[in-house]
Amino acid sequence: GGGGGGGGRGEEGGEEDLSDSEDSVFSGLEDSGSDSEEEEEEEGGGGGGGREEFCEVLCAVQDIRNTVGNVPMEWYRDFPHLGYDLDGRKIYKPIRSQDELDHFLDKMENPDYWRTVHDKQTGSDITLSEEQVALVRRLQSGRFGDVDFNEYQPTVEYFSRDVMLHPVTNRPADKRSFIPSLIEKEKVSKLVHAIKMGWIKPRRVEDDSRGRYYDLWASEDSSILARHKMHLPAPKIPLPGHQESYNPPPEFLFNEEERALWEQQDAADRKLPFVPRKFSSLRSVPAFPRFVHERFERCLDLYLCPRQRKMRVNVDPEDLIPKLPKPRDLQPFPTTQSLVYRGHSGLIRSISVSPTGQWLASGSDDGSVRFWEVCSSRCLKTVQVGGAVRSVTWNPNTAVCLLAVALDSRVLLLSPSLADRQVVSASELLLSDKEGAEPVQGAESLVTWSEAEGEELNEGIRLKIQHPKAVHQVAWHAKGDYLASVMPDHSSHLQVLIHQVSRRRSQNPFRRNKGLVQRVSFHPLRPYFFVATQRSVRIYNLLKQEMTKKLQANAKWISSMAVHPGGDHVICGSYDCRLSWFDLDLSTKPYRMLRHHKKAVRGVAYHRFYPLFASASDDGSVIVCHGTVYNDLLQNPLIVPVKVLRGHAVSQDLGVLDVTFHPSQPWVFSSGADATIRLYT
Amino acid sequence: MSQLQARFFTENKRYAVDDVPFSIPAASEVQDLSHVINTLLQAKNESHKQVEFDFLVRGQFLRTSLSSHMETEGISTEEVVEIEYVERIAAPEPEECMMHDDWISSVDADTEWILTGSYDKTARIWSTEGKAVMTVAGHKDVVKDVAWVKRDGLTSLLLTASLDQTVLLWEWNSERNKVKARHCCRGHTGSVDTIATDPTGSKFCSGSWDKMLKIWSAVPTEEADEVEEPPDRPRKKQKTEQLGLTRTPLMTLSGHSEAVSSVLWCDSEEVCSASWDHTIRIWDTESGTMKTTLTGSKVFNCISYSPLCRRLASGSTDRHIRLWDPRTKDGSLVLLSLTSHTGWVTAVKWAPSHEHQLVSGSLDNLVKLWDTRSCKAPLYDLAAHEDKVFCVDWTESGLMLSGGADNKLYTYRYSACQTDAGA
């Protein structure tokens with residue numbers, strides 16, 4: 001067998017597998033050899049075991065002679081006997097009483113004295129045999145008791161750490177592995193001859209270049225190809241498992257519970273579409289009753305299966321929630337109600353803080369405008385204007401101290417003289433400078449400018465601008481000279497008027513107004529003008545006199561609007577509870593819609609330099625939001641509601657009507673239908 | 001742990017007990033400890049009467065049981081605890097209630113007279129017994145702050161600062177009960193919210209909404225300072241308005257970026273001012289330069305300085321009273337926060353004769369008496385006011401005063417101050 005293997009290796013030396021198998025064969029042989037050695041060893045061991053047994057038998061025989069067992073013989077010192085034999089008879093001590101002299105004589109005379117030992121159990125002397133003496137000697141010298149036992153047997157290292165070329169056998173290769181085989185030579189020459197004779201022809205190479213196969217889709221549109229790449233193979237039928245077997249292992253068979261469950265479950269929910277059953281033989285398996293049904297369903301599967309790759313993403317729902325910073329990190333913002341300004345008897349529609357931050361003006365339905373000291377909630381001045389006040393606005397210019405008040409169809413300019421004398425005189429100068437210099441030349445005499453007299457003059461009212469219709473809002477330009485007023489009216493084109501206070505001129509900037517104008521505002525820095533109608537905010541360039549942008553608020557009815565002091569962002573509150581945040585550079589659609597209020601939003605406000613804006617709603621709450629816009633255009637603006645401020649009581653379905661920020665502190669004022677103004681800090 | 005080793009000691013020689021450790025129950029509270037001390041004192045001295053004591057463990061008042069206090073303060077219970085005891089500070093007793101016609105904006109009291117400023121544009125002088133003595137009328141707007149300058153026998157100098165941007169220096173003779181406006185200090189372009197006279201009574205400093213601090217001479221003279229008048233100003237109007245001789249500031253200190261809310265003199269050359277721009281600044285009045293800036297995070301409403309403990313106490317809009325060390329160079333370290341008010345702290349005043357106690361008033365209608373050794377809770381809440389408290393004061397004679405938006409000025413007699421001050 002080894003020779004044949006060697007020959008095989010000579011012929012197919014390149015194939016590693018074969019040589020490996022040869023090795024394994026050889027090692028197997030070697031193994032068997034070692035096995036036989038082990039057997040021999042075992043035999044030897046068996047022999048040793050036999051000897052031990054013999055010893056034990058000897059001991060047993062000795063034990064049998066005295067049945068007292070393994071007890072100290074001193075116990076029998078005072079008795080004439082040493083114990084009892086098997087029959088229960090006493091074994092008597094030998095009568096002799098050897099003294100030292102007997103011992104000496106015995107030592108001198110008995111040649112076997114040195115190998116005579118005294119057996120305490122029987123009291124007799126035993127002379128050891130030669131083998132026993134030899135055994136004792138060996139044991140005394142620390143050797144094994146067995147003579148034949150070789151304690152220095154050579155170690156058989158079955159697995160050596162040395163790497164060997166031919167690890168198992170050292171046998172040289174056969175000579176015939178170097179000599180060409182005659183039989184093979186004969187075969188090869190036959191084949192060569194056959195090829196020469198043309199009996200064997202080389203395999204014909206198939207020529208594919210003719211195009212037996214071609215790209216069916218080559219002429220197709222690339223989009224179809226692209227779609228084709230997304231082809232999904234039909235779902236495969238799962239291979240039959242043990243359950244399908246006619247004789248499944250018992251663990252696959254249903255027990256009572258599983259069967260009940262299977263029967264209860266809806267057909268679509270079942271894990272298995274059938275109940276595994278056991279038959280004694282394949283012959284007794286009946287026909288599959290649902291075969292046609294199943295085939296039909298399979299066809300349905302193939303026909304109706306979605307052929308679209310579905311990107312399934314396993315995401316933790318927590319990760320999908322945007323990472324919002326903690327409100328604590330966004331401080332400062334108003335958190336608690338600090339002061340309540342009481343005094344009005346009607347709902348307060350509008351409030352405004354003086355640009356210095358010392359005074360607060362409020363206009364109420366009780367027909368008065370009140371001036372409050374911010375830090376003490378003290379009402380320092382009350383001006384009866386005789387009509388429900390719709391809007392109050394401080395002049396943003398710090399060099400003058402003026403308040404514009406809108407009520408009914410009038411706009412009043414008040415000089416509350418709550419500032420330095422020079423400022424007061426400057427504002428008086430602004431109002432009275434053009435007295436008579438330019439006669440009233442209002443826009444097509446729609447507007448009448450008139451000076452206050454008598455009692456009104458004492459109260460601080462300086463100028464009255466009579467409008468043709470009810471004025472709802474007034475808004476100052478940042479420079480403090482121009483004033484815009486809003487008269488919402490569906491039918492008219494005269495809804496917005498811009499007044500110049502220093503020259504007492506009014507003009508109608510728009511020939512046509514689309515929609516009902518709700519709010520207007522000047523751009524704080526550039527010559528733009530914001531007009532909020534019901535659905536949208538239009539931005540007009542005042543220099544070019546054209547519309548530059550139209551913001552779609554996605555709201556049904558805009559109620560309020562505020563322009564960021566930087567002029568890049570606009571917020572709009574609407575009666576359908578929404579707050580839209582626009583980035584003017586980004587889009588005309590709101591960047592963010594905030595729906596935190598439960599009722600109509602009545603007022604919105606921006607802080608002058610803190611990144612805060614607030615919205616007031618009829619649900620009695622003011623929501624303060626943090627809105628940071630980063631210089632890095634890639635980073636999205638951060639708009640986070642930080643605080644809901646409550647305190648206002650809701651009366652007649654009206655809650656908070658106006659909201660405004662303190663110009664220098666992160667404080668917010670809100671005025672409500674409960675006739676109070678509240679300061680949150 | 002049911003028993004603790006404690007050694008009691010006190011500064012007050014009258015109540016000294018033996019300096020030996022006692023084993024006391026760990027759960028014992030102030031009453032129990034007080035009882036222990038009283039028993040000890042009685043054993044020593046038959047004539048001893050029961051005294052309520054308060055206990056300090058490592059400088060903090062004991063307010064809960066001893067074991068829980070030591071647990072929260074992190075004091076080891078293995079060693080002998082040193083417990084200091086002081087006589088229990090008696091509650092301030094309400095004395096007088098002085099009705100005003102309008103809100104009280106400010107109060108300044110000395111040992112004899114009380115001066116209050118009111119929103120009815122007048123200042124009033126009261127005796128400490130609560131008798132209205134004098135009404136000082138002259139301002140065209142709300143009086144925001146008042147201050148005594150000097151008393152020379154029967155003649156007193158006093159100051160009133162008003163929203164009409166002026167400070168008036170008045171001379172009041174208590175015998176004839178005549179008041180005369182000596183000087184009208186013009187220069188501020190905003191309402192003057194705060195004034196303070198220097199310790200010598202020769203100068204005073206005013207802080208205004210126009211972000212400026214101005215230092216004026218408080219010595220009355222017979223000549224008016226030159227004022228640059230705007231040329232177009234009508235002359236006759238000025239004459240009618242004039243009340244007292246016009247005075248111009250000696251020095252203007254500018255640096256605040258918001259309104260100045262409170263000003264005081266640390267010593268004769270140092271002025272300290274608190275502002276709405278979240279800073280407290282300390283100025284050198286000799287050179288007119290700023291020395292230190294303490295930066296907070298909220299608007300400061302009021303400050304007070306105690307020369308005894310050399311600490312500044314500030315009241316903010318975030319309901320905290322904070323203690324500062326004005327000498328620190330970095331200047332933004334809060335030493336201690338006293339938190340119990342629920343509204344803006346509008347007034348704060350150190351005790352003039354006790355280094356640990358201060359009184360504060362807040363928009364939550366409460367006046368609180370604090371001990372800095374018990375920063376968790378005030379010693380006493382004085383809940384007399386029915387509306388916002390705007391001002392508090394504390395005289396050297398142990399009288400505490402508070403006034404507010406309910407038009408009432410309350411005074412409280414604070415007796416324990418004197419006995420404890422010796423401790």
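Glycine is no exception: its Cβ is also placed from the backbone N, Cα and C atoms.
The domain 'NLE' annotation in TrEMBL covers B:4-70. The DSSP breakdown of the domain 'NLE' (B:4-70), given as helix, strand and coil counts, is 23 helix, 17 strand, 27 coil.
Only residues 6 or more beyond the boundaries of the repeat 'WD' (B:136-180), in the same chain, are considered here, and those with a CB under 8 A from a CB of the stretch are 105-108, 110, 112-113, 115-119, 121-125, 186, 188-197, 201, 204, 206, 208, 216, 218, 220, 243-244, 247. The annotation repeat 'WD' is assigned in TrEMBL to B:136-180 (among others).
Outside the repeat 'WD' (B:185-217), and at least 6 residues removed from its termini, the chain residues within Cβ reach (under 8 Å) are 141-142, 144-150, 157, 159, 161-169, 227, 246-254, 256-265, 267-268, 271, 273, 275, 283, 285. The repeat 'WD' annotation in TrEMBL covers B:185-217 (among others).
For B:221-243, the entry in TrEMBL reads region 'Disordered'.
Model confidence over the repeat 'WD' (B:253-293) stands at 90, taken as the mean pLDDT rounded to a whole number. Residues annotated as repeat 'WD' in TrEMBL: B:253-293 (among others).
What TrEMBL lists as repeat 'WD' is B:303-325 (among others).
Packing against the repeat 'WD' (B:338-374) from elsewhere in the chain are residues 56, 59-61, 63, 89, 92, 301-306, 308-309, 311, 313-317, 319-323, 380-396, 398, 400, 402, 404, 410, 414, 417-418, 420-421: each is 6 or more residues past its ends and has a CB under 8 Å from a CB in it. The repeat 'WD' annotation in TrEMBL covers B:338-374 (among others).
Residue counts for the repeat 'WD' (B:338-374) by DSSP state, with H, G and I taken as helix and E and B as strand, are 0 helix, 19 strand, 18 coil. Note on the repeat 'WD' (B:303-325): residues 262, 264, 266-267, 272-274, 280, 294, 296-297, 333-339, 341-351, 353-356, 358, 360, 362, 364, 370, 372 of its chain, located 6 or more positions outside it, place their CB under 8 angstroms from a CB of the stretch. Across the repeat 'WD' (B:136-180), DSSP assigns 0 helix, 30 strand, 15 coil. Secondary structure by DSSP for the repeat 'WD' (B:253-293): 0 helix, 27 strand, 14 coil.
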